[in-house]
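Colleague: Following this message is one structure expressed as structure tokens.
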There are 2 protein chains.
Amino acid sequence: MSPGSERSQGLMSTLHHYPLCPHSRFARLALAELGVEVDLVEERPWERRDEFLALDPAGQTPVLVAEGGLAVPGASVIAEWLDETVGAGAGERRLMPDDPRARVEVRRLVAWFSGKFWDEVTGYLVNEKIYKRFVPPASGGGPPDMASIRAARANVRYHLRYIGFLAQRRNFLAGDALTYADLAAAAHISCVDYLGDAPWGEDEAAKTWYARVKSRPSFRALLADKIPGMAPADSYADLDF
Amino acid sequence: MSPGSERSQGLMSTLHHYPLCPHSRFARLALAELGVEVDLVEERPWERRDEFLALDPAGQTPVLVAEGGLAVPGASVIAEWLDETVGAGAGERRLMPDDPRARVEVRRLVAWFSGKFWDEVTGYLVNEKIYKRFVPPASGGGPPDMASIRAARANVRYHLRYIGFLAQRRNFLAGDALTYADLAAAAHISCVDYLGDAPWGEDEAAKTWYARVKSRPSFRALLADKIPGMAPADSYADLDF
């Protein structure tokens, strides 16, 4: 092996992800916005592969394997790692503000979407509509539970109104500039939209904000995702939805 | 008002917490280890007080109101805020390593305990045994669901073995020094222990690690906590349990 090939192998990071996992999508958006190229490896977390569990004992997507083999598990941990290693020197492309007080607001909203929105919306939809199709019945697979899907569809409305509330007062969700807060929110909403469960008539300001984020080049790869046997909603990849 | 009293009012932070909320306990330990004095205000998050929701729309404990009135919601966000504003200048008392690679491990474990351990253990126990006693039946209150409590009691065993696995290989959970990983883990386990559900015969290394953390001065206030009508388990405050 030449020194050159060794070097390029060491420098390319790998993201273990699942296309409709919203946490994975948040990590993909962050990497793309910061201009970090990665090899994408599709992981089906419900298979609980030994090699994947060795990278992350929690067995959850996404996991970034950075230069040198360091495993960075979980979208929020990946976001902090990228901010410290790439973002801090990225100037205007940085996805966190410099001011610690403003960083609180970004982290509050990232936790809101990664935690609360997942618990109340995307967790239900992704588990019921996608993961349960692939998991054997003995492990909890089977047809979707409609009560969970109805709960998600009710809950997403107040989350869209909250996004609209923020978007009417600020240029982006956490302030003047694009931050991880926008990427986390848009990643989760993109999964809801793929599955046809985004009620776009609910809040005009939220829709306008999402249209802006969705139009960014970092979003293109997400809009091209296709899950076999489950086509996206008609307007999913449409920038004028 | 004299300039002095104005200054001391502005400098004292307030932590809105619930005594047996493990996230609140993580924040209390972090504040105590860093030597930050705060006024503690007990909040019953299930009451959804308007003034509390104004501080944090998610309505979850803990919320730190820092100098100048900035609301910092959520234990992990509080930990990052404290690290940036106090920890970075605290020398050996800092609760995060300087190296970004080592910070990944701390954040991975904080997410493990705040997320996975909560979902599989403390969330069940605290909701079923405590919160449901105070919430009206129409809002989900009532007697504890024994299936949830049994699930928590089964799950805590493998978590203790995982703590033991780490503690046998490292001085503290994330490496050589005490970090937020130890405080998050010990905060959650202290709630399990208060409720009498910690199977201390399961893993000797985990027990030894917990005894060390529990003996720290930062833990004293937690060991003095009492929930009216629900006494702690006999060995809860005992340093030789």
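Just so it is clear, glycine is given a Cβ too, placed from its N, Cα and C backbone atoms.
In TrEMBL, annotation is done automatically, which means it is predicted and not curated.
So TrEMBL lists the following for this protein:
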DOMAIN    A:11-90  domain 'GST N-terminal'
DOMAIN    A:99-241  domain 'GST C-terminal'
Colleague: Which residue counts does DSSP give the domain 'GST C-terminal' (A:99-241) for helix, strand and coil?
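Modeller: Secondary-structure breakdown of the domain 'GST C-terminal' (A:99-241): 95 helix, 4 strand, 44 coil.
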Colleague: For the domain 'GST N-terminal' (A:11-90), what are the DSSP-based totals of helix, strand and coil residues?
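Modeller: Looking at the domain 'GST N-terminal' (A:11-90) with DSSP, the answer is 39 helix, 16 strand, 25 coil.
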Colleague: Tell me, roughly as an integer, the mean pLDDT over the domain 'GST N-terminal' (A:11-90).
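Modeller: Residues in the domain 'GST N-terminal' (A:11-90) carry a mean pLDDT of 96 in this prediction.
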